[in-house]
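What TrEMBL records for this protein:
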TRANSMEM  21-41  transmembrane segment
COILED    41-100  coiled coil
DOMAIN    98-231  domain 'OmpA-like'
């Protein structure tokens with residue numbers, strides 16, 4: 001009988017030892033889980049803060065890029081406006097692109113047919129055009145001009161290579177004449193000599209009639225004067241960066 005009670009008593013003692021141990025284990029597990037959750041929360045908070053910092057940095061970068069683009073666009077707009085105002089006072093047969101400021105001389109009187117020899121009529125136009133053009137570019141915008149480009153263009157008659165050769169020679173003939181002693185002096189001639197280039201484009205930029213399909217042979221045959229601004233080569237890169245950020 002005594003042994004029976006002793007076993008019961010021992011069993012109760014064992015039960016009393018079990019529950020505190022189980023409670024301690026459960027508390028430990030809960031503590032570990034809580035610590036794990038705190039680590040996750042802290043990590044997520046760090047990610048959020050890092051993302052916010054990245055977004056803020058991106059916003060600053062976009063704002064700076066937009067300011068550069070607007071600044072360059074403003075300069076280009078001012079130059080084009082000045083060109084239009086000044087050349088409206090002349091009788092020159094030129095076309096000014098309102099977007100780029102490119103100026104086109106366009107008719108069959110520019111060169112001898114199939115040759116790079118400048119006709120007298122075109123020389124007269126250049127004599128009137130050049131002083132006005134460069135007085136505007138270098139008189140007011142000297143610090144912004146990086147390059148002057150004279151481009152020769154042909155129609156699609158003949159092979160591409162032959163047209164490339166002809167367009168290059170015609171562009172070079174214009175530059176050579178403008179810088180020659182025969183042409184004479186004009187304002188900022190030394191600046192022009194340092195920054196002018198001659199490019200032949202062959203038939204790579206043809207002009208089309210109103211239907212958008214028929215090649216306009218006469219308008220395709222032309223010479224263009226273009227100016228390039230300093231830092232303007234970064235324009236496409238800046239626009240691309242902004243577009244990529246906005247797409248995210």
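Using N, Cα and C of the backbone, Cβ positions are placed for all residues, glycine too.
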Outside the transmembrane segment (21-41), six or more residues from its ends: residues with CB under 8 Å to it: none
For the domain 'OmpA-like' (98-231), the number of residues DSSP places in helix, strand and coil: 54 helix, 29 strand, 51 coil
